[in-house]
């Protein structure tokens with residue numbers, strides 16, 4: 001998991017200022033380890049750190065962080081975007097709870113040998129993601 005100092009350095013290296021609101025958004029994301037969180041929930045939690053924050057600021061900052069590769073964005077129900085700080089420990093995928101956003105790491109990759117297949121077809125594969133969706137034990141018991 002990257003730390004706040006490294007993320008701020010990445011932002012500054014790419015020409016972005018580190019505003020109080022941006023730092024508050026980072027704090028929310030960093031404190032929400034192992035869970036995806038919606039933009040709405042980030043907004044609500046960010047207002048506790050920095051009350052002058054508005055939703056459009058949160059959304060714009062999430063776009064910047066996503067474009068810089070600092071956060072991972074997914075759509076758990078096909079509609080609502082959810083966000084998580086990218087873990088740089090190793091290549092992995094996720095199992096994501098559709099109810100609470102809890103995330104478990106899948107530490108194997110079902111696509112390891114697929115690059116060869118596509119490179120033989122003249123297609124250069126640069127990235128991929130594999131996400132499984134369902135309900136964690138707690139949410140499954142609650143339903």
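Even glycines carry a Cβ here, placed using N, Cα and C.
Taken from TrEMBL as is:
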{"type": "BINDING", "residues": "91, 128", "note": "Fe cation binding site"}
{"type": "BINDING", "residues": "97, 100, 136, 139", "note": "Zn(2+) binding site"}
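Mapped onto this structure are the features recorded in TrEMBL.
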| residue | record | DSSP (3 states) |
| --- | --- | --- |
| 97 | Zn(2+) binding site | strand |
| 128 | Fe cation binding site | coil |
| 136 | Zn(2+) binding site | coil |
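The C-beta environment of residue 128 (Fe cation binding site), restricted to residues of the same chain at least 6 apart in sequence and closer than 8 Å, consists of 111, 114. Candidate binding-site residues: 97, 100, 136. Fewest other C-beta atoms within 10 angstroms, 100.
Non-local contacts of residue 139 (Zn(2+) binding site) by the CB criterion (under 8 A, 6+ apart in sequence, same chain) comprise 97, 98, 99, 100, 102. The Zn(2+) site, placed at the center of the C-beta atoms of 97, 100, 136, 139, has further neighbours from the same chain whose C-beta lies within 8 angstroms: 98, 99, 101, 102, 135, 137, 138, 140.
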